[in-house]
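Record features (TrEMBL):
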{"type": "ACT_SITE", "residues": "Asp168", "note": "active site, nucleophile"}
{"type": "BINDING", "residues": "17-18, Arg38, 72-75, 96-98, Arg104, 136-139", "note": "CoA binding site"}
{"type": "BINDING", "residues": "Gly247, Gly248, Gln249", "note": "substrate binding site"}
Amino acid sequence: MSKALSGYRILDFTHVQSGPACTQLLAWFGADVIKVERAGEGDVTRSQLRDIPEADSLYFTMLNGNKRSITLNTKNQKGKAVLEKLIKECDVLVENFAPGALDRMGFSWERIQELNPKMIMASVKGFGPGPYENCKVYENVAQCAGGAASTTGFDDGPPLVTGAQIGDTGTGMHLALGIMAALIQRQTTGRGQRVLAAMQDAVLNLCRVKLRDQQRLDRTGVMKEYPQYPDTPFGEAVPRAGNASGGGQPGSVLKCKGWETDPNAYIYFIAQAPVWEAICKVIGKEEWLADPEYATPATRLPHLKSIFATVEEWTKTKTKFEVMDILNEFDIPCGPILSMKEIAEEQSLRDTGTIVEVDHPVRGKYLTVGNPIKLSDSPTEVTRSPLLGEHNEEVLSQLGYSSADIADLRSEGVIS
Ligand code: CAO
């Protein structure tokens, strides 16, 4: 069966997480992704956080499935010549080097356009043009600079970063969308173009509701759905809202049976207005229904803490899964706090291909997150990550190099 991106060739000059997450997605959609790695060591993540000596780490294997790998010293003249051939043959070059690294290597955007005017050159950088554009950036720096950390955590604690890799993988997903748009535009213009996704911008995009709240705060000085209201005065900037919901429906994390020993025995509970009556009945607080203090979302706002405490007295008597079953019968929105262990063992995620077990010649079987985006006409088959330089011969011979040329390149250390 053909795939959505069959026939597209991606020169994957990415490393660590943000770029590889983007190119892995393109590979799942069927593109031929050729990962170009430094001769000798390869992507630094191959050896980071290793759980099995000498085997590519899970950090690497879970971000580089479905790709081919070649090693190339692109600072050597012969290596540059190979890269030039690749640039001519590929549709998209994706890179996430430190600012200026590609220019220093001799591959400015102008040079790339000379080599291949149809080339789409897609980059992840930490910051867009401005005071920080030359900075090297990792995940948590982006979370801090993009507004996530200042708005995450509890009011009386320090800023917090989240476990979701919104700076790295989040930016990689933004970049993939930019590449898709550029490929579609190329069909009419015949030209390539540059695509830039800055990590600060991507995080801010995901924190859009907090910029919404900043403007509400500027105008009114108060945000009644925040846990600070009505007891704690608001300052000038959006405060950390703990586990309060970011939308118009109040929510909170509540303890469930077993919370004393299980750190994940909690449920997220949303006091959605249309099901208020059902909530009161389920938890046995019918008297709230006749009480004007609890009659509307607005009158309930000053009582949210005590409302959630009362609901929690009920949730504490049930496991998170029992609470889920009972509340869902009444369409009361809620979600169990699932541990990574529970998610890894969840059969339905295996059934949909969102969690996939892959076999690797060195490390054996491992779990990876499969394609979260399902296309009915382009099913994803997740395959293992390549060994370092596994496709040197295959790719170089496709580029027209003979066996003797390849042997020379190897003996000169251009490939490894
Ligand atoms: N052959 C020869 N040299 C190569 C090469 C190859 N195949 N591939 C890379 N290099 C060189 C680069 O040209 C660069 O050389 P110079 O510094 O001499 O120009 C050098 O390797 C190091 O590249 P780098 O600066 O990108 O790598 P780093 O480890 O120092 O920094 C990172 C890593 C992620 C901070 C930086 O790449 C960056 O800021 N990237 C943009 C933002 C980003 O994607 N961050 C998220 C990463 S995921 O957490």
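Cβ coordinates come from backbone N, Cα and C, glycine included.
Values in this document were obtained by computation on a predicted structure and should not be read as measured data.
Feature map: TrEMBL annotations on the structure.
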residue: Gln17; record: CoA binding site; CB count, 10 Å: 23
residue: Arg38; record: CoA binding site; CB count, 10 Å: 16
residue: Asn73; record: CoA binding site; CB count, 10 Å: 20
residue: Lys75; record: CoA binding site; CB count, 10 Å: 12
residue: Phe97; record: CoA binding site; CB count, 10 Å: 18
residue: Arg104; record: CoA binding site; CB count, 10 Å: 11
residue: Glu139; record: CoA binding site; CB count, 10 Å: 22
residue: Gly247; record: substrate binding site; CB count, 10 Å: 11
residue: Gly248; record: substrate binding site; CB count, 10 Å: 9
residue: Gln249; record: substrate binding site; CB count, 10 Å: 15
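Taken residue by residue with DSSP, Arg104 (CoA binding site) is part of a helix.
Checking the recorded positions Gln17, Asn73, Glu139, Asp168, Gly247 against ligand 1, the ones whose Cβ sits under 6 Å from it are Gln17, Asn73, Glu139, Asp168.
Between the CA atoms of Gln17 (CoA binding site) and Gly247 (substrate binding site) there is a gap of 30 Å, rounded to the nearest whole number.
Around the Cβ of the residue listed as 'active site, nucleophile', 27 further Cβ atoms fall within 10 Å across all displayed protein chains. Ranked by Cα separation from Arg38 (CoA binding site), the recorded positions Asp168, Gly247, Gly248, Gln249 are led by Asp168. Cβ-based neighbour count (10 Å, all protein chains) for Val137 (CoA binding site) stands at 24.
Here the CA atom of Asp168 (active site, nucleophile) lies 26 Å from the CA atom of Lys75 (CoA binding site).
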